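Chemist: Below is one structure. I have some questions about it.
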Amino acid sequence: MAQKMAVSRASLVLTALMMLAIVVAISSPTVVDAAGCCNLCPCTKSAIPQCRCSDIKDHCHSECKSCVCTKSIPPQCRCADVNNFCYPKC
């Protein structure tokens, strides 16, 4: 009985470690593009335009300072920065 209990405890620990590894992998920072680019960039018509990249990808471009991602697999990320310009198209 003690041996069966030790095996089930080891199995439980292994399962917990695997779940922890998955959580760490999901919550780690995402990959970024080598250069800032954006395909969909609406801007206001104000004297100093306010532009925001609306692309949704599995990562943000390298120039993004505020990347917002879902916890889904694959993640859906959007750059929340507001600039007075648009990056070149990807």
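Backbone N, Cα and C define each Cβ position, glycine as well.
Because TrEMBL annotations are produced automatically, they should be read as predictions rather than curated entries.
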Chemist: Can you tell which of Cys43, Cys51, Cys64 TrEMBL lists as bonded to Cys79 through a disulfide?
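Modeler: That record, TrEMBL, gives the partner as Cys64.
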Chemist: Pick out which of Cys86, Cys90 TrEMBL lists as the disulfide partner of Cys37.
Modeler: Cys90
Chemist: So, in TrEMBL, which cysteine from Cys38, Cys41, Cys51 is disulfide-paired with Cys43?
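Modeler: Here TrEMBL pairs Cys43 with Cys51 via a disulfide bond.
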Chemist: Just choose from Cys38, Cys60, Cys67 the cysteine that TrEMBL connects to Cys53 via a disulfide.
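Modeler: As annotated by TrEMBL, the paired cysteine is Cys38.
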Chemist: Give me the long-range Cβ neighbours of Cys86 (disulfide bond): same chain, 6+ apart, Cβ under 8 Å, in sequence order.
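Modeler: Residues satisfying the criterion: Cys38, Cys41, Cys43, Cys51, Cys53.
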Chemist: Looking only at the domain 'Bowman-Birk serine protease inhibitors family' (37-90), what are its DSSP counts of helix, strand and coil residues?
Modeler: 0 helix, 10 strand, 44 coil
Chemist: 10 Å Cβ neighbour count around Cys64 (disulfide bond)?
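Modeler: There are 20 such Cβ atoms around Cys64 (disulfide bond).
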